[in-house]
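Following: one structure in structure tokens, then a few remarks.
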């Protein structure tokens with residue numbers, strides 16, 4: 001496994017792999033790799049000959065009051081994990097390499113798809129992600145890119161960017177990896193106290209409960225969702241959102257229809273830690 | 001020479017050329033090719049093994065009261081001209097292929113560099129150009145792209161986009177091709193009446209006059225520029241702008257300094273026809 005930090009080096013490595021006719025899968029990460037990331041890497045290996053992982057905590061996707069400074073960084077462990085999974089190339093740029101020091105004149109604007117869910121709660125979040133992923137796509141030029149379903153709005157927005165910007169990249173979402181008690185794996189779970197960690201799976205249980213009710217025929221889940229939010233608050237969560245969204249537009253949907261695809265998604269706080277989770281509903 | 005209209009076809013052709021190790025130069029055009037375009041193609045041939053030309057009148061870069069409908073279209077002549085110049089591949093997509101029919105969620109936003117010059121006069125113009133050129137770059141993935149110095153603000157903005165978006169493309173500007181009387185060649189010159197065509201070179205003469213004065217030491221050219229604008233109006237032009245701009249920021253500059261690079265640029269109307277021209281000043 002090779003590790004490179006500069007764009008010139010990563011391009012040279014990619015060019016060599018492409019000259020050998022290798023199909024390349026790309027897994028962008030912010031490091032602090034857990035079993036969820038490793039499942040993305042394993043899926044990447046099924047999809048291509050060589051796996052390229054980026055490890056970069058992108059400042060552009062953090063708001064001024066968010067956890068950019070505290071975000072867990074553990075490069076040595078991450079590199080070991082990548083090596084153990086058979087990753088070919090790890091790209092570990094710094095801010096200077098990704099953004100340079102000159103004036104920025106360009107930004108990527110997103111409409112509608114980022115109005116609700118995490119986009120609604122985190123202004124500029126998805127523009128920051130689109131900016132860095134568009135850069136990574138142009139630097140690495142992968143054949144396929146793997147993202148986690150846990151960040152479903154990110155995946156749908158980036159898939160739309162690939163479509164509108166004509167990136168020649170197959171976009172693949174990997175299923176959510178969970179702890180035994182159902183908690184969706186996340187680098188931010190490291191922030192949780194023992195007590196918070198015990199409460200945390202309650203979000204997924206609430207989603208599963210609502211899912212069952214919808215599958216049993218509740219097509220206007222507003223009251224149901226409101227009740228689950230109350231239950232979550234009673235358990236010690238602070239609610240951000242818990243709702244059903246259109247898979248296509250990322251907008252909340254009041255009345256569900258058979259034959260459509262929805263995302264049942266929630267975001268909560270436990271102390272200062274923000275947790276998200278979702279279930280895709282193919283009705 | 002091959003002509004293809006779909007993204008799938010153009011990608012297949014490009015992949016074949018790249019598999020042969022060919023270096024590819026790309027010349028994006030809106031058709032109505034004249035000697036200026038041909039000079040871009042000739043420069044492209046010097047820079048690479050194979051030249052790819054796109055012919056597409058991009059609706060996104062025309063304002064609601066601009067000449068999208070009237071813009072000259074002469075596909076057959078253009079294809080003949082490309083063939084005669086040894087172009088390998090011409091990409092002639094339609095609007096459905098470039099933009100599809102679905103909702104658009106993404107746009108490219110530009111700050112500062114598009115506030116003055118043509119960006120000031122034509123709101124959304126450079127965002128529309130950036131959008132389509134970013135698409136072309138991802139579709140064609142050229143090694144080098146050739147643009148005309150006549151559209152100097154376009155060139156500087158797209159060069160900045162290549163830098164900020166990490167496109168792996170060498171950006172080259174070709175000198176302005178001129179008629180014998182000095183008029184910068186433009187597809188829009190076709191709109192000019194005989195009488196307007198006779199007056200038209202006055203813009204370049206005004207620029208040359210100001211250039212000489214600056215090179216003779218006039219470092220605050222405000223009065224000079226104002227006088228030339230009056231002269232142009234007297235000759236039958238309607239002024240849009242005539243000014244000196246920073247090459248880096250595209251902002252007007254009042255006091256010039258030795259060791260810096262400026263653009264002396266003008267835009268005028270003759271009847272409904274908008275003409276632009278410029279001179280680069282390396283002081």
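Yeah, the Cβs are placed from backbone N, Cα and C, and that goes for glycine too.
Sequence annotations record features per position, and here TrEMBL assigns active site, proton donor to A:37. In the three-state DSSP assignment, the secondary structure recorded for residue A:37 (active site, proton donor) is helix. Contacts of residue A:37 (active site, proton donor) defined by a Cβ separation under 8 A and a same-chain sequence distance of 6+ are given as A:27, A:29, A:81, A:148, in order along the sequence.
Note on residue A:36 (ATP binding site): other Cβ atoms within 10 Å of its Cβ, all shown chains, come to 22. TrEMBL lists A:30-37, A:148-151, A:177, A:185-188 with the feature ATP binding site.
The Cβ of residue A:61 (beta-alanine binding site) lies under 8 Å from the Cβ of A:124, A:125, A:126, A:128, A:129, A:132, each on the same chain and at least six residues away in sequence. According to DSSP, residue A:61 (beta-alanine binding site) sits within a helical segment. Annotated beta-alanine binding site per TrEMBL: A:61, in sequence order.
According to DSSP, residue A:154 ((R)-pantoate binding site) sits within a helical segment. In this view, residue A:154 ((R)-pantoate binding site) is surrounded by 23 other Cβ atoms within 10 Å of its Cβ, with every protein chain counted. The (R)-pantoate binding site feature in TrEMBL is assigned to A:61, A:154.
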Study note, to complete from the structure: residue A:154 ((R)-pantoate binding site) sits from residue A:177 (ATP binding site) (Cα to Cα, rounded, in Å) at a distance of 17
**Study point:** Whole-number Å value for how far residue A:154 ((R)-pantoate binding site) lies from residue A:187 (ATP binding site) (Cα to Cα)
**Key:** 16
Practice item. Ten-angstrom check, please: count other Cβ atoms within 10 Å of the Cβ of residue A:149 (ATP binding site), all chains counted. Key: 18
Check your understanding: Which whole-number value in Å describes the distance between the Cα atoms of residue A:30 (ATP binding site) and residue A:154 ((R)-pantoate binding site)?
Key -> 14
Practice item. Identify, in sequence order, the residues in the chain of residue A:33 (ATP binding site) that are 6 or more apart from it along the sequence and have a CB within less than 8 Å of its CB; answer 'none' if there are none. Key: A:55, A:74, A:77, A:78, A:81, A:82, A:187
Point to revise | Conformational class of residue A:149 (ATP binding site) under the three-state DSSP mapping | key: helix
Revision key, fill the gap. Using a 10 Å radius on the Cβ of residue A:177 (ATP binding site), the other Cβ atoms enclosed count 18
